[in-house]
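Copied from TrEMBL, the annotated features are:
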- 556-566: compositional bias 'Basic residues' (COMPBIAS)
- 578-590: compositional bias 'Basic and acidic residues' (COMPBIAS)
- 591-600: compositional bias 'Basic residues' (COMPBIAS)
- 633-644: compositional bias 'Low complexity' (COMPBIAS)
- 545-592: domain 'Signal recognition particle SRP72 subunit RNA-binding' (DOMAIN)
- 540-665: region 'Disordered' (REGION)
- 459-492: repeat 'TPR' (REPEAT)
Amino acid sequence: MSTREDASKEATIVQLFSEIDRSTNQGDYNKALKSINKILKLNAQDFDAIHCKAISLIRLEKYQDALEFLTSNVPEDKLIAVKSYCLYRLNQWNEVLNLCKKYKGIENEEMGLRHLEAQAAYRMEEFSDALEIYYNILQKKDKKDDSYNDILTNFIAVKSALLFSGDQLNEKYTLADNVSSNSTFELAYNTACSMIAQGLLKQAENLLKTAKIICRKSLSQEDYSEKEIEQELATIIIQLAYVYQLQGRTNEAIDLYQSVIKSKAADMTVLAIASNNLVVARKENDVFDSARKLRAASAKTLETKLFKVQRQAIAINEALLSLYMHKYSVCQDTARKLLQIYPKNDYLYVLLSSIPYRQKKPTKAVQELQEYAQAKPTSLPINFALIQLQLLQTNIQGSITTLEKYLESLEDESARYQPALVGLLVWLYEKSGQSDKSVHVLEKAGSYSKSDVTSVQSSSILKQTAAFKLKAGRFSEAAQDYEQLVKANPEDSQALAGLIIAYSQYDVSLAEKYESSLATIKHSKNIDVDFLEKNIPGVKRYKKPDAKSDNMGKSSVKKRRKRKPLLPKNFDPNVPPDPERWLPKRERSSYKVKGKRKQQLMKGSQGVAVAGGGIGGTGSANIAGKSPNAGSPQQNVVNQPNQQELQSKPKSGGGDKNRKKKKKG
């Protein structure tokens with residue numbers, strides 16, 4: 001090839017590269033690809049053109065095409081970061097980790113590879129490895145560097161995920177999370193997430209509100225559309241609603257969830273989380289709408305975008321919703337399938353035992369929980385669900401046995417003497433009347449806690465022990481415990497007050513000595529101190545009335561005058577009263593019918609017993625001269641009209657007079 005042709009070819013390539021630059025600046029990567037393909041036709045080995053084509057395909061989200069193109073046109077040790085990024089976007093995280101570890105130490109691509117390695121470890125939920133990588137990158141970065149905030153944002157995101165997973169955070173990773181007005185909204189959001197994981201809900205709420213303000217302000221300045229701004233804000237709003245839900249502000253949380261779901265501006269992942277949380281907030285309300293939302297949240301397209309913990313929560317909520325909808329067989333099948341996937345999740349066993357309880361079979365539910373507790377003796381959810389059901393059945397001794405077995409199964413002594421567990425066991429012993437065992441448990445917990453009184457757990461147990469001894473009248477022992485607490489923390493007003501109460505029972509001088517250490521209470525003039533002292537909560541005081549007040553009380557109450565009973569005029573106490581005196585005259589046996597009424601009663605339909613007719617009510621002849629009135633009781637009942645029949649007849653009141661007479665002839 002001549003020199004002139006080479007020069008013309010080079011000029012064409014330079015012109016095509018300028019067109020590529022213009023197209024990429026305009027965001028038209030399809031047009032850029034056409035120019036790149038022309039360059040590759042002229043020179044298939046042009047490395048810059050190959051690199052540009054791979055980046056253009058990535059920008060067009062054609063990751064598989066980009067990976068195949070790089071594999072066939074680039075040596076194995078070149079463009080490692082670009083290849084790793086394609087694998088990362090194709091969710092092949094294991095391959096990313098292998099590739100990054102294999103080519104670790106390449107100068108030009110070291111930072112990019114470390115970043116991709118951390119991201120792949122994060123997606124594989126290996127949070128400790130990801131945290132270590134980001135920590136090492138931060139140590140090498142200058143805080144004034146533009147990329148420092150981005151690395152710090154990712155570092156805090158990994159730290160939040162680690163805390164949410166339940167793992168312990170190493171002390172060296174506890175960097176100060178300083179968020180200012182100049183910070184990005186991503187940094188504020190991730191810092192709020194880490195605070196939620198630590199239980200600092202109020203600080204998280206304030207940070208999320210700050211993140212909303214920074215997000216709208218910064219994106220508006222960068223000329224983002226309103227739809228794009230709403231999409232970014234949806235993530236922050238959902239997290240704020242989650243904070244409200246944890247704080248017990250359920251109605252506010254539901255309103256925020258529904259606003260995001262109705263707007264449909266959020267990403268599919270955010271909408272799935274919002275739907276799941278909304279179902280949890282509603283509980284047993286609107287179950288059919290909740291079922292529809294959970295179906296959308298458990299779509300297969302979201303499996304790679306959600307963490308294992310999130311997928312597990314959505315699946316369990318779906319089974320729980322079928323329980324609320326009384327689909328017991330569906331709930332049971334779903335729970336058993338989930339146990340094969342998540343065998344360590346003890347809440348699924350509780351869900352299975354709640355099915356017979358919902359079917360009003362509490363005994364069967366207790367039996368199932370007892371079987372699960374034998375298989376998993378260290379399971380807190382199973383054992384406490386069993387204790388709750390036993391208490392609902394007023395089986396206190398059974399609940400004590402369950403709790404004792406659970407505490408014996410714990411190998412860690414510090415877990416065995418947690419204040420909540422000790423308090424529950426003491427309460428159960430008190431309910432069953434075993435006060436001696438309560439004292440024994442508290443003494444054992446107190447002796448364990450005395451080794452480290454400064455810790456919150458130990459001081460809480462020691463306070464419980466001292467309060468119980470004070471209640472039991474063991475004032476000197478209670479004073480010793482309270483004195484130890486006061487020495488450890490002189491500003492503990494609760495321990496100081498308990499010490500004064502204990503000393504006041506047997507040594508007033510010591511009580512007065514410590515009384516000066518109590519903080520003074522500033523009270524207004526409206527507070528009546530005497531009234532407060534007389535009305536101590538839980539203590540009933542009965543004041544003996546004075547003589548004057550007693551007389552005044554007697555005079556104020558009027559005596560009721562006893563009235564004599566009203567008796568009839570011809571009342572004779574020696575004669576027994578008539579047993580038929582409460583019956584109407586017509587129903588009495590002594591009643592005699594007179595006039596036309598007698599003639600009407602003499603008549604009747606065929607078969608009716610007639611008084612004095614010689615034939616009894618049963619159709620048999622009167623024998624041995626018995627009168628018709630001396631018939632059987634059944635006959636008397638038939639002949640006498642009952643009260644209901646008499647009431648149903650119209651009153652006669654002048655009806656005979658108004659009745660029309662028959663005409664003669």
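Backbone N, Cα and C define each Cβ position, glycine as well.
TrEMBL entries are annotated by machine, without manual review.
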Tally of residues which DSSP labels helix, strand or coil - the compositional bias 'Basic and acidic residues' (578-590): 3 helix, 0 strand, 10 coil
Secondary structure composition of the repeat 'TPR' (459-492) [DSSP: H/G/I, E/B, coil]: 28 helix, 0 strand, 6 coil
For the repeat 'TPR' (459-492), mean pLDDT (0 to 100): 77
